[in-house]
Amino acid sequence: MSSSNDHVLVPMSQRNKNGLPGMSSRGARTLAEGDVLSFHHITYRVKVKSGFLVRKTAEKEILSDINGIMKPGLNAILGPTGGGKSSLLDVLAARKDPRGLSGDVLINGAPQPANFKCSSGYVVQDDVVMGTLTVRENLQFSAALRLPKAMKTHEKNERINTIIKELGLDKVADSKVGTQFTRGISGGERKRTSIGMELITDPSILFLDEPTTGLDSSTANAVLLLLKRMSKQGRTIIFSIHQPRYSIFKLFDSLTLLASGKLMFHGPAQKALEYFASAGYHCEPYNNPADFFLDVINGDSSAVMLNRGEQDHEANKTEEPSKREKPIIENLAEFYINSTIYGETKAELDQLPVAQKKKGSSAFREPVYVTSFCHQLRWIARRSFKNLLGNPQASVAQLIVTVILGLIIGALYFGLKNDPTGMQNRAGVFFFLTTNQCFTSVSAVELFVVEKKLFIHEYISGYYRVSSYFFGKLVSDLLPMRFLPSVIYTCILYFMLGLKRTVEAFFIMMFTLIMVAYTASSMALAIAAGQSVVSVATLLMTISFVFMMLFSGLLVNLRTIGPWLSWLQYFSIPRYGFTALQHNEFLGQEFCPGLNVTMNSTCVNSYTICTGNDYLINQGIDLSPWGLWRNHVALACMIIIFLTIAYLKLLFLKKYS
């Protein structure tokens, strides 16, 4: 759904002491009231492994002694690909792995507070909003988890409505954002929705990672105009950007140029051309300054070639060969350190209290939450249910397939008889049900993989705890997607097949299928948690279930397997379900009707099994009640183990880049 809203100039309203936009009685905040972010001697190194057989670890410097200050206004970080602009942005936002990081980031001269990641806003490059929800529902989710519970619902709704109006999202407020399967709002509206998610907490500092990526030039210009008006209300807006056009560049208040992790320029954006001219690089008429800066850094600009041509003869006479051969980046970095602009910045940074800078930052601690575990659990489960209903191709389709498959299997095995062929058919349908429950549970691998980026962003931003997210997703997935198919299978097949006609046996079969589905899904979660690619987790699951089928008890009699391999049967999920279903159905059944005891003994002696008990004994299944329930106990233990592994993998997942 496209909209002209991308190109509408939206006036930003004033803000009061409570930070509520559009409700001010005191007037707008001035620039002087905004937060000032300064960074001192920022150096960031990472360890890079190389080699195949012999792994060598080398240290790579991403940022090298970066100093600067970001004041209220538009602060742009510009540079070539791989220059370190996104790394610097993440460091300033306290979203970089603190290992390998040195230096200080201060807010108004003081270390970043422990809740800095929660109190500031961060808009990621790829908009991580729930596509199956509307714009308003996404904002409601952010408000419900990031605003204090003491704040009344009507106050939260008032803030949401104000932000929607501020961002020009009135016409699409109740439209779905859109997914890869369903069309939704436009790219510019999606970007503004992401910004609105962060404005819920009314942050004084807002970070954006390449906010114009994926947008056309007109929409990108509209987004930057919106950010410009927001900055005039006293916000410090810091963002990385790649090759902005001139209409966007002239909006910048401050410009930071990075290349190879070194600072090329940091100061007022409008002084950048004059600065480069003083370095000997003159921008051609009608050339975009942003493109010119990148061309100079990359050594591709005609200005660079012209400068070299004019000065080459003089340089050959006066400079040493080593200095003449220095890369442009090294020369520009050295020129900046000796420049007047750097001296002014350094003097301003030195005015900050030294004692405070040495305290260090606590911003890398765990997020500070303003809502309880139960409150977070309820909202996560609610959003997940809505997301499930918003993807009918995944939820409704699975239920329809379950009904159709159940009817087909019921027709194939319809009216099982109490004879030797009936025993074989019963074993066959039980084997199919347990293995089918396992393979259909492979879809659970998507539960954490698809939303990995969304989870990491929301967790770091202080939306919820890992435990709240984990159990909320379990409630929303295991109940409808694993419970209902098991109930449907049992209700359809039990009566079409003519299985044991007791209420107890009916519910035991249903419970067994549910336990198998839950165990297989838990295994899928344990394998997939922390993965980035669904196909890898799916492949591992499929291979695992194929091996489990071999030890389920139908394809080979488990008593005939050698002791060096027989222990693998205890790791087979289908085996426990298959054994429980057989015990539930065959115990006490007669399959040679009309035969007396003598003839029955003859049948047994000639290897014809006529009773369910004999069949169970032949399969090595204990006839006692414990022979049934120990399978469910084993499945329950496996569920606990797999879910614990999945939770720990989420808990210790690398959440910082």
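Each Cβ is built from the backbone N, Cα and C atoms, and glycine gets one as well.
Database features (Swiss-Prot):
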{"type": "BINDING", "residues": "79-86, 183-189, Glu210, His242", "note": "ATP binding site"}
{"type": "DOMAIN", "residues": "48-285", "note": "domain 'ABC transporter'"}
{"type": "DOMAIN", "residues": "389-653", "note": "domain 'ABC transmembrane type-2'"}
{"type": "CARBOHYD", "residues": "Asn596", "note": "N-linked glycosylation site"}
{"type": "CARBOHYD", "residues": "Asn600", "note": "N-linked glycosylation site"}
{"type": "REGION", "residues": "1-25", "note": "region 'Disordered'"}
{"type": "TOPO_DOM", "residues": "1-395", "note": "topological domain 'Cytoplasmic'"}
{"type": "TOPO_DOM", "residues": "450-477", "note": "topological domain 'Cytoplasmic'"}
{"type": "TOPO_DOM", "residues": "528-535", "note": "topological domain 'Cytoplasmic'"}
{"type": "TOPO_DOM", "residues": "654-657", "note": "topological domain 'Cytoplasmic'"}
{"type": "TRANSMEM", "residues": "396-416", "note": "transmembrane segment"}
{"type": "TRANSMEM", "residues": "429-449", "note": "transmembrane segment"}
{"type": "TRANSMEM", "residues": "478-498", "note": "transmembrane segment"}
{"type": "TRANSMEM", "residues": "507-527", "note": "transmembrane segment"}
{"type": "TRANSMEM", "residues": "536-556", "note": "transmembrane segment"}
{"type": "TRANSMEM", "residues": "633-653", "note": "transmembrane segment"}
**Item:** Stretch-averaged pLDDT - the topological domain 'Cytoplasmic' (1-395)
**Value:** 82
**Message:** Take the C-beta pairs under 8 A between the transmembrane segment (633-653) and each of 429-449, 507-527, 536-556. Which stretch has the highest count?
**Reply:** 507-527
**Request:** Could you check the binding-site residues Gly82, Gly184 and say which one's CB has the fewest neighbouring CB atoms inside 10 Å?
**Result:** Gly82
**Positions whose Cβ lies under 8 angstroms from the topological domain 'Cytoplasmic' (528-535), at least six residues beyond its ends** = 444-450, 452, 541, 645-647, 649-650, 653
**Request:** Could you tell me how many residues in the topological domain 'Cytoplasmic' (528-535) are helical, how many are strand and how many are coil under DSSP?
**Result:** 3 helix, 0 strand, 5 coil
**Message:** Within its own chain, what residues at least 6 apart in sequence put their Cβ under 8 Å from the Cβ of Gly79 (ATP binding site), listed in sequence order?
**Reply:** Lys85, Ser240, Leu257, Leu258, Ala259, Met264, Leu294, Ile297
